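Participant: Take this structure, written in structure tokens, and hold onto it; I'll ask about it next.
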Amino acid sequence: MFYREAGEFSTTYKDDSQTFPIKFDRWRYYFVLFVAVFVIPFMVNDYWVNSIFLPFLIYAIAAIGLNILVGYCGQVSLGTGGFMAVGAYACYKLMTSFPDVSMFVHVIIAGAITAVVGVLFGLPSLRIKGFYLAVATLAAQFFLVWLFNRVPWFYNYSASGQINAPERDTFGVLITGPNTEAWAAYLFCVVFTIVSAVIARNLTRGSVGRKWMAIRDMDIAAEIIGVNPLTAKLSAFAISSFFVGVSGALFFSVYLGAVEVGEVFGINKSFLVLFMIIIGGLGSIFGSFAGAAFLVLLPVALKVVGVDWLGWPTDIVAHLQLVIVGALIIVFLIAEPHGIAQLWRVAKEKLRLWPFPH
Amino acid sequence: MLDQSEGYTTADGRKIGPVVMEMKNITLRFGGVEAIKDISFDIREGEIRAIIGPNGAGKSSMLNVISGFYVPQEGQVFYQGQPRPPMKPYQVARQGIARTFQNIALFEGMTVLDNVMTGRLTHMKTGLFWQSMWKGRAETEETVNREVAEKIIDFLEIQAIRKTPVARLPYGLKKRVELARALAAEPSLLLLDEPMAGMNVEEKEDMSRFILDVNDEFGTTIALIEHDMGVVMDLSDRVVVMDYGKKIGDGTPDEVRGNQDVIDAYLGVAHD
Amino acid sequence: MSEAFLYTVEVFLNGLMAGVLYALVALGFVLIYKASGIFNFAQGVMALFAAMTLVGFQNGQVPFAHLINATFGLHVTTFGWNLHSTVAVFLTVLVMIALAWAVQRFVFRHLVGQEPIILFMATIGLAYFLEGVADLMWGSEIKTLDLCWAVGACLPQGGNLWIEQATEGLGGEGFYGFFIDSLDIVAALVAMVLVAALVAFAQYTKQGRAMRAVADDHQAALSVGVSLNFIWILVWSLAGFVALVAGIMWGAKSGVQFSLSLIALKALPVLMLGGFTSIPGAIVGGLIIGVGEKLFEFLIGAPFLGGATENWFAYMLALVFLVFRPQGLFGEKIIERV
């Protein structure tokens, strides 16, 4: 009853290839956008922004990026943490070198630099496949973290080896640094997240998206029908790394403000983002959001239940979290390899017919 | 002997044009094994050319040479009068050669429509930037190519399963979708690797009708491998017969039928 | 002989010893991969889990003590006994077999026939799960591991005096002889015995033959009456045993802690070098990586690049190598077909 598509017919191919061909979905999408941009900024406080909204928005960008590579193009990468570090350090160098330039520009250029690095580490994908490639991307992970740890130029020779985000603004509003207003940081990230999602959607529904999926499903056949594996794979690496770099830049500059590379962008970060897309749904933009939301909320929920209600020490809760995340990954891979996105799709199918399923 | 430049007219009155593709003295080895030994033949514009032979004769290898997947150690491929340099399979595809596979090679994670649209990829040129914008160039290009794809879908009568994921389809339909994907490229030369393998009589009839229709309506040149002799003799204009990597016969179905080597190869003869 | 050369030789020898340990972990990977096509990312965590369990048994720790205390407000920590090493090792082997059964029963039985990459990701989930369970069970603090069978018959610690004395003076006055960890020597010997035993097992026993049959073709093996389930549990048990040995050696060297499972990730480039399916490949690959990273650090990394290049050298080496030879040193050639 909630959901009717009877009477809706696409009369042109243009209508048929919309993201939300059903009117109800379309309106809901506009509503969510409206709330995200015009309502939430005026209602949130520091706690909500810093512990939920910022990590969610930023991880969603990273998850979209990784999903393009893994979910759409089928190239498994375990180097996400390293590429996020590239975005963070590029952003840091830009912020300190060009203090007067808007943060928007910095973040986008940081993404572009990460894209170049991503292509570089994506080159081996032309020769090696599957988990050979997954392990090869570990080289990127370990090498990049080492690089930012050991080469002082990257952290401007600071004594602690950390990088700290200086105060920078965009259109006169502070975006980074300790004096940033919660709504400004939120709004800045939400713009990046929405634009990233729209771009990712546009790319994946068009010809380049089909090239990626063709490579994913059967690379040899893809090549024989005219897909150049070189450009297809490298474009996936470039675009994926661009998004991951943008998220790394935001993660450092807007969210954390200070970063020690081994701690923040270590291999666990790579796994975390990979888990987001497995749980959320491989090959789905919505799934990237769902997975990011899930894994951002899970520790918060566990902390509330375990520490605040049951009074357990935090280390037990942290260990329990490992157990739960690990188990969830396995459960999802067994029961629903397409993740939350697929559960959502099935629920919609059911709702469409409810309450008369026959 | 057929006239090399002019072409000929078939028994049913179709005009066959000049040579489109010519294989000259092709030899292909895998390690020490010679899969193809010094084979030459040609394919003319508008004709249906069959390659037949017992299992292991090197037919599929031959098709792989044509589509650029294998590079022969010796010999030269001429395409539209020009010697073709060794090139990657995707470059061959962009020259207008499309194919289907013996073991269906569809993209299982995509819908039928998306699979057919992948056949249009060689015709879609919009850059990444415009695609990321969607509105404008990318959308226009998508719509134009969608029209072509829909025409093929219509032609092969698979409208009803347009949005079905390929993985859910039965075997016969998958074969048809694969043909649709190849046709969507609007190829000048279509290679079919056992299009009727594993089909029942009705499905074979359907497939034969589609192949003839494609040849008839779009004027597509077709080279096919097939085991069903009845089908081959009915469909094809000229037949190449291979055995143990060698060519043992070449000509119209009737000529081939009368060839003693061919009869030996199929019925078996004592090798000494 | 010049001193610089002798130091290089010392680094080389130490690299060989480290390489043996890498090979040991890599062996666990190869076993599982050959028999089930699963690339077991959790092998490192299994080594950690085994070592923690062993220490826990030795010290008579109560499993899940923290959790029990937090839930019921108790203060239990130990049973108050210290188990003999032999008993503790035996019990740990039993635990690893139980783990093998559980992994097979609850995870991979449900994933039969899935794509390899899905299985791979499942093992990453398994790694997280196991790590969490190990921490909950035995606590996450760093533990020392020491195996003793009798007074004085412990796993050795420190440099090997005999080698040190034998080589003293080779380079003139200032050279004190090669420093090689005695533990590394023991580890190398154990690893060699283990490899020999595994090869013999695979070649000459009935179960070994069944294992190789499964590795070749699941369907065919099933049709001649091999129980896939049994073989997979067997293989995971063997891998668990190998993990235990690796865990003991590494744990005794640098303490039982989380980083142990990361060191085990070094086995991945070893595999890429050696090829996933080859036992000799795992050994040769391990030695190449061990020697390569130590020499690189000594000759180039520490003097010119700021050190700690061991973190990535192995991966980079494997990456560059793979670009030229995608199937690894000993792997079977990949033939693409349509």
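Cβ coordinates are placed from backbone N, Cα and C, and glycine is handled just like the others.
Feature annotation from TrEMBL assigns transmembrane segment to C:12-32, C:38-57, C:87-108, C:117-138, C:185-205, C:226-250, C:270-291, C:298-324.
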Participant: Mind checking which residues of the chain, 6+ beyond the ends of the transmembrane segment (C:185-205), have their Cβ under 8 Å from one of its Cβ atoms?
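Facilitator: 16-17, 20-21, 23-24, 27, 31, 155-156, 160, 211-212, 238, 242, 245, 249, 279, 283.
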Participant: Hey, which of C:12-32, C:87-108, C:226-250, C:270-291, C:298-324 has the most Cβ-Cβ pairs under 8 Å against the transmembrane segment (C:38-57)?
Facilitator: C:226-250
Participant: Taking contact to mean three or more C-beta pairs under 8 angstroms, with sequence separation of 6 or more, is the transmembrane segment (C:270-291) in contact with the transmembrane segment (C:298-324)?
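Facilitator: Counting Cβ pairs under 8 Å (6 or more apart in sequence), the transmembrane segment (C:270-291) reaches the transmembrane segment (C:298-324), since there are 3 or more.
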Participant: Where, among C:12-32, C:226-250, C:298-324, do we find the most CB pairs under 8 A to the transmembrane segment (C:87-108)?
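Facilitator: The stretch with the most close Cβ contacts to the transmembrane segment (C:87-108) is C:226-250.
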